[in-house]
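Enquirer: What TrEMBL records for A:12-34, A:46-64, A:94-111, A:117-137, A:168-191, A:264-281, A:316-339, A:351-374, A:386-403 is transmembrane segment.
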Amino acid sequence: MSSPSIDLKKAVLDALMAGLLALVVFGPIVGVVLQGYAFQMEAGRVAWMVGVFMVGRLLLSVFLQTARGQRLLDSFEQTSGGVGVLPPGHKSRIKWVILTLIVLACIFPFFANKYLLTVVIFGLIYVLLGLGLNIVVGLAGLLDLGFVGFYAIGAYGLALGYEYLGLGFWTVLPLAAVTAALAGAILGFPVLRMHGDYLAIVTLGFGEIIRLVLNNWLSFTGGPNGMSAPAPTFFGLEFARRAKDGGTPYHEFFGVSYDADMKFLFIYAVLFVVVLLVLYIKHRLSRMPVGRAWEALREDEIACRAMGLNHVLVKLSAFMLGASTAGLAGVFFATYSGFVNPASFTFFESALILAIVVLGGMGSTVGVVIAAFVLTVTPELLRSFADYRVLLFGVLMVVMMIWKPRGLIRINRIGIAPRKGVAP
Amino acid sequence: MDAIFWQQMVNGLTLGAVYGLIAIGYTMVYGIIGMINFAHGEVYMVSAYLAAIAIALLGFFGIHSFPLVILGTLIFTIVVTGVYGFAIERIAYKPLRNSTRLAPLISAIGMSLILQNYVQLSQGARQQGIPTLLEGSLRLHIGDDFVQLTYTKVFILVAAVLGMLALTFIIQKTRLGRMCRATQQDRKMAQILGINTDRVISYVFIIGAAMAGLAGVLITLNYGTFDFYAGFIIGIKAFTAAVLGGIGSLPGAMLGGLILGIAEAQFSGMVNTDYKDVFSFSLLVLILIFRPQGLLGRPQVTKV
């Protein structure tokens with residue numbers, strides 16, 4: 001390819017067009033700030049934004065005309081396949097990475113203070129949520145925008161079960177997974193028969209219904225005031241200074257001095273084991289027929305149905321599995337914060353979990369784990385950017401879809417070489 | 001039939017007419033590129049802000065007579081929201097024409113978050129409002145009670161009907177409308193016949209956004225208050241209206257809007273106001289289960 005000449009006139013025209021659009025779009029909303037029925041002019045901000053857009057468009061326009069930009073444009077045109085295939089006999093080093101991570105996670109609590117521990121617990125809860133949604137969105141290709149509804153079922157399951165039935169953490173943990181899965185089945189079964197996009201809006205509505213009911217049913221859920229949730233117990237020993245339900249506090253039983261951090265340490269340990277378990281189950285499932293069926297359905301539904309796959313059941317299994325993982329995460333969230341209220345289960349949470357899956361890579365487990373930590377721990381460290389968090393998530397989603405719709409880390413599979421003397 | 005019923009009927013009709021206007025945006029975009037434009041509710045929210053800004057600006061320049069204010073506000077809001085629709089399509093959806101099925105949906109969610117947060121950051125999180133522009137009302141006596149029909153509501157109904165008529169005219173009679181219908185029926189064939197389908201898709205987004213802009217002005221006139229989060233709930237409800245009428249069908253969107261508005265108003269009048277959103281969302285789920293093609297839509301057939 002000969003080096004293309006740069007058409008400056010076109011670039012300047014593009015920039016002017018972008019500037020005009022930016023002026024119309026940003027002018028009123030950014031430039032005129034409403035104050036009661038009056039307003040305040042903020043022309044400076046508009047000038048800034050229009051300037052940034054014009055310069056940005058000019059640079060982009062020039063860049064795309066260079067040889068390198070052309071290559072970039074060409075790479076967008078090709079739609080890459082779902083998975084990358086590695087040569088047969090490829091030895092993955094991921095085993096050692098995982099081992100190191102497990103060792104790190106085991107020694108981490110000895111060095112961490114309480115704040116760091118709670119941040120990591122928070123991160124792990126989102127790893128769990130991300131893994132659950134990754135099965136639904138990443139592997140099965142179903143867009144679930146009400147994922148937070150199942151999370152709320154888990155969290156309120158613990159709070160309500162404790163309040164009305166006297167159930168503890170360990171009883172509710174499996175119950176919440178089952179309840180969330182059942183809710184997923186009831187919601188998913190009718191909708192999954194239809195075109196995939198409907199699922200997105202129905203789940204969006206479902207998430208809102210759950211939140212509104214929790215918010216409005218004052219006599220049962222306490223409404224916006226929320227409810228308290230119990231801490232976990234260690235074989236009946238409680239993690240409180242004084243026993244509440246007739247049990248024994250752990251420090252009296254072992255004869256050690258009371259330490260309030262012990263509760264978080266215990267939650268961390270249990271949560272870590274559950275995350276490992278879910279990781280393992282997901283790893284195995286994606287290699288079983290049902291996992292292969294999820295991905296096949298994502299890539300081409302019509303072909304799958306023609307091959308005799310029951311698309312409703314396959315999709316439903318992914319949907320239920322994702323929901324039950326969210327239910328588990330909800331129980332951990334409730335016991336970790338000791339308190340639940342509907343404000344924790346807004347649409348923004350669903351969007352955050354979706355951002356984790358999108359950034360991490362559709363279907364890629366490692367990517368989701370990293371993305372969950374990046375997206376939940378970074379905001380803790382960068383408190384001053386808290387206002388821009390949602391904006392950044394939005395930009396992230398749009399840019400990722402244009403740039404790398406399969407996520408940063410692609411799934412790679414080891415290819416299979418046909419054996420000699422055997423018909424392939 | 002008592003007065004409360006008729007009062008809720010009036011409220012429901014005005015609400016439903018506005019839902020119908022927003023639903024048009026969903027239904028047209030779905031019809032032409034087969035995707036749910038999640039950012040559409042936010043376009044309505046932006047238009048509510050634009051309407052308040054226009055009213056404030058006009059008031060600043062000393063224009064207070066109702067016809068002039070409303071005309072200026074409508075033109076300003078519809079034009080700027082149209083540009084918003086164009087820009088959203090250009091940035092978030094056009095690069096994804098040949099991408100995976102999930103990509104435009106996620107991009108749309110991202111766009112919706114961007115718009116919400118951008119308005120929140122530039123205008124503040126507090127609730128905003130506009131002054132009452134049109135005072136007075138008609139009273140219809142029924143027995144001992146009366147039904148109050150404010151002039152604002154009359155104006156909303158008239159404006160919504162005029163908007164829908166104008167849209168129907170554009171789609172049925174003009175060259176642009178013929179191009180839209182051709183692209184909707186078969187995009188590839190339309191392209192072969194020399195229609196610039198990319199441009200038609202842009203027009204569809206502009207028309208949808210303009211309708212949402214009209215709806216934004218009308219709702220703001222009626223309720224007087226809004227905030228940056230307003231687009232979310234109204235967006236889902238308008239989508240429900242579009243599905244109820246049969247997604248992809250224009251008369252369906254209008255009919256669905258009216259039915260949903262009336263059902264919701266009657267529900268909050270007779271049962272409970274707290275759960276009216278729950279009622280609408282449940283209705284959406286029920287429609288999708290029992291009649292996914294909607295009232296006026298045709299069943300979907302997938303072909304290889």
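Every residue gets a Cβ built from N, Cα and C, even glycine.
For the listed features, I'd like the structural context: burial, neighbours, distances.
Expert: Listed as Cβ neighbours of the transmembrane segment (A:12-34) (distance under 8 Å, sequence separation of 6 or more from its ends, same chain) are residues 40-43, 45-46, 49-51, 53-58, 61.
Only residues 6 or more beyond the boundaries of the transmembrane segment (A:168-191), in the same chain, are considered here, and those with a CB under 8 A from a CB of the stretch are 149-150, 153-154, 157-158, 161-162, 198-199, 202-203, 206, 230-233, 312, 315-316, 319-328, 330-331, 335.
The list of residues near the transmembrane segment (A:264-281) in space but at least 6 beyond its ends in sequence, with Cβ under 8 angstroms from a Cβ of it, reads 102, 105, 109, 114, 117-118, 120-121, 124-125, 127-128, 131-132, 231-232, 234, 239, 325, 328, 332, 335-336, 365, 369.
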Enquirer: For the transmembrane segment (A:386-403), give me same-chain residues lying six or more residues beyond its boundaries with a C-beta closer than 8 angstroms to one of its C-beta atoms, as numbers and ranges.
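Expert: Distal contacts: 76, 348, 351-352, 354-355, 358-359, 375, 379.
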Enquirer: Could you pull out which residues elsewhere in the chain have a CB under 8 Å from any CB of the transmembrane segment (A:94-111), counting only those six or more residues past its ends?
Expert: 117, 120, 265, 268-269, 272, 276, 366
Enquirer: May I ask for the residues of the chain that lie six or more residues beyond the transmembrane segment (A:351-374) and have a Cβ under 8 Å from a Cβ within it?
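Expert: For the transmembrane segment (A:351-374), the far contacts come to 82, 94, 123, 126-127, 129-131, 133-134, 137-139, 141, 145, 147-148, 279, 282-283, 286, 295, 390, 393, 396-397, 400-401, 405-411.
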